[in-house]
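*Asks:* I am attaching a structure below and will ask some questions about it afterwards.
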Amino acid sequence: MQQALKSFIDNKLIKHVILLIVVINAFLFIVEGSEFLTSKLHITNINFYHKLILYIFGIEMTIKLIAYDKKYFSIPWNLVDCIVVAAALLGVVFNMPFVAIIAIFRTLKLAELSPRLLKIVEAFFLALPHLTAVILLILLIYYIYGVIGFELYRYIDPNHFGTFSGTILTLTQLTLLDNWADVARPLMTGHAYSWVYFISFTFLVAFSAINLIVGVFVDAVQQKSAELHAERVRSRGKLFQTLHDLKIHISDLEAYIEKIETKITMEEKLLRKPTTKLKKRRS
């Protein structure tokens, strides 16, 4: 039964049907947010279609878990896919729409249509565990500069630094370089050393820390590319080895055939000799 389910779920037609359902699910989210499309397409009760698609995803996941058993989770993407479907189904069962909407992340499954895009998605999930240290460093910098900014400027600029949460929001704005000058220049006018606070934070987070994140992702993509290249080399190596073994077998077979032909030729000569002697005696 396990082998039959594996053959069924690995069928190309079934895979394309699932991908089509993923596209339909993504399209339904677009329709749901557009009154124009809803009225033009006469689509009603969209939640019913969302639930139906989620149940189909749940059936697909169940079949895969039975077919592949523990091997299914050896691929990181499958683990993420399983968590997304399980969370979305729980959201439907317990009537939590904000959880059920997580099924939209299944749109990433469309990456399977493009090997290059799939490589980037896999590299993204591969990089996540390595980002922990970088994220902790950024949070620590945010906390330190948040406390400093709150203590220094809460009375001077209460709109941006009046509360600790507001200060963190302002620092996020500075990280994105969104109206950086509008926040920094008024404070730098009355406080000569304020430039140290803003420039050091911008340098540490907006440049250094963000570049670290980019570096981790680039490293993950390169690692994935190296793995794919090594896999292709191994596949080619196996192919060349098979061809080499085949050539050896062909050479052995040719030698064997040549030996048989030589033996047959010798036997034919031996058979012809008595006939020649009989002819001489008669003459």
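Cβ coordinates come from backbone N, Cα and C, glycine included.
Just lifted these from TrEMBL, have a look:
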- 13-226: domain 'Ion transport' (DOMAIN)
- 13-31: transmembrane segment (TRANSMEM)
- 52-68: transmembrane segment (TRANSMEM)
- 83-105: transmembrane segment (TRANSMEM)
- 117-145: transmembrane segment (TRANSMEM)
- 195-218: transmembrane segment (TRANSMEM)
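Mind running through what each feature is packed against?
*Replies:* Looking only at the domain 'Ion transport' (13-226), the predicted model's pLDDT averages out at 82.
The list of residues near the transmembrane segment (52-68) in space but at least 6 beyond its ends in sequence, with Cβ under 8 angstroms from a Cβ of it, reads 2, 5-6, 8-9, 18, 21, 24-25, 28, 78, 81-82, 85-86, 88-89, 92, 100, 103, 106.
Within the same chain, residues 123-124, 127, 130-131, 134, 137-138, 141-142, 145, 148-149, 152, 171, 174-177, 180, 183-184, 187-188 sit at least 6 positions outside the transmembrane segment (195-218) and bring their C-beta atoms closer than 8 Å to a C-beta of that stretch.
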